[in-house]
Amino acid sequence: GDCLPHLKLCKENKDCCSKKCKRRGTNIEKRCR
């Protein structure tokens, strides 16, 4: 699945983010921020 033009795809969880997809602290999985 692709994301809308103004959204970015978080490859780790295939989620569409309005912001960056990045890790939080010691968490391994990336999340929409």
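Cβ from N, Cα, C; glycine included.
The structure displayed is predicted, hence computed values, not measured ones.
Features reported for this protein in Swiss-Prot:
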- CYS3-CYS17: disulfide bond (DISULFID)
- LYS8: site 'Important for stimulation of [3H]ryanodine binding to RYR' (SITE)
- CYS10-CYS21: disulfide bond (DISULFID)
- CYS16-CYS32: disulfide bond (DISULFID)
- LYS19: site 'Mildly important for stimulation of [3H]ryanodine binding to RYR' (SITE)
- LYS20: site 'Mildly important for stimulation of [3H]ryanodine binding to RYR' (SITE)
- THR26: site 'Mildly important for stimulation of [3H]ryanodine binding to RYR' (SITE)
- ARG31: site 'Essential for stimulation of [3H]ryanodine binding to RYR1' (SITE)
- ARG33: site 'Essential for stimulation of [3H]ryanodine binding to RYR1' (SITE)
Can you tell me how far the Cα of CYS21 (disulfide bond) sits from the Cα of ARG31 (site 'Essential for stimulation of [3H]ryanodine binding to RYR1'), in Å? 5
Site with most surrounding Cβ atoms, counting all protein chains shown within 10 Å, from the disulfide-bonded residues CYS3, CYS10, CYS16, CYS17, CYS32: CYS10
Give me the long-range Cβ neighbours of ARG31 (site 'Essential for stimulation of [3H]ryanodine binding to RYR1'): same chain, 6+ apart, Cβ under 8 Å, in sequence order. CYS10, ASN13, ASP15, CYS21, LYS22, ARG23, ARG24
Cβ neighbour count (10 Å, all chains) around LYS20 (site 'Mildly important for stimulation of [3H]ryanodine binding to RYR') is 11
Per the 10 Å Cα distance test against CYS32 (disulfide bond), the recorded positions CYS3, CYS17, LYS20 reduce to CYS17, LYS20
Distance between CYS3 (disulfide bond) and THR26 (site 'Mildly important for stimulation of [3H]ryanodine binding to RYR') at the Cα atoms, whole Å? 27
LYS19 (site 'Mildly important for stimulation of [3H]ryanodine binding to RYR') to THR26 (site 'Mildly important for stimulation of [3H]ryanodine binding to RYR') - Cα separation in whole Å: 20
THR26 (site 'Mildly important for stimulation of [3H]ryanodine binding to RYR') in three-state DSSP notation: coil
ARG33 (site 'Essential for stimulation of [3H]ryanodine binding to RYR1'): which of the recorded positions LYS8, CYS16, CYS17, THR26 is the nearest Cα neighbour? CYS17
